[in-house]
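Here Swiss-Prot flags 75, 76, 77, 111, 112 as substrate binding site. As annotated by Swiss-Prot, active site applies to 126.
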């Protein structure tokens, strides 16, 4: 079983030392869902919400979220992010959000991909809550990662 890298033997948290690691190309893809009524899905994808066109706003929020990850998640290293994409896929009962993040660095970008999805999902929720108070954010997870000492990984 792997040990937690952010916790010392005495239980105290610390930022992992990555200064001795080699830079490699790294990517991570994450997804999440915002479940909502079908009529709200139609409003969301036709830019018909009372608050306006939510998807472009949520895309920018997701990109900003990825860039701000080390500011809001303790112990995350600041990374030079080379590429961030946030995409939305229409479902009958909501939207699937997928974020992809890429860097050339000494640590992975899974947290940045998760933060991009989370921030985009929160923004969608904020913009639909007036018309669907029962909306739910769900299923946020990493789908894949590449690069680094531990190698490539995918849910498939």
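Count begins at 1; order follows the chain as displayed.
Placed from the backbone N, Cα and C atoms, the Cβ positions cover glycine too.
Features per Swiss-Prot, on structure.
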residue: 75; record: substrate binding site; Cβ contacts under 8 Å, 6 or more apart: 6, 13, 14, 15, 16
residue: 76; record: substrate binding site; Cβ contacts under 8 Å, 6 or more apart: 69, 70, 111
residue: 77; record: substrate binding site; Cβ contacts under 8 Å, 6 or more apart: 15, 16, 18, 70, 106, 107
residue: 112; record: substrate binding site; Cβ contacts under 8 Å, 6 or more apart: 28, 66, 67, 69, 79, 81, 84, 101, 103
residue: 126; record: active site; Cβ contacts under 8 Å, 6 or more apart: 51
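Residue 111 (substrate binding site) is surrounded by 22 other CB atoms, counting those within 10 A of its CB over all protein chains shown. Apart from 75, 76, 77, 111, 112, the residues listed for substrate, the same chain places the Cβ atoms of 69, 70, 73, 78, 79, 107 within 8 Å of the centroid of those Cβ atoms.
The record assigns 75, 76, 77, 111, 112 to the substrate binding site, and the maximum Cα to Cα distance across that set is 13 Å.
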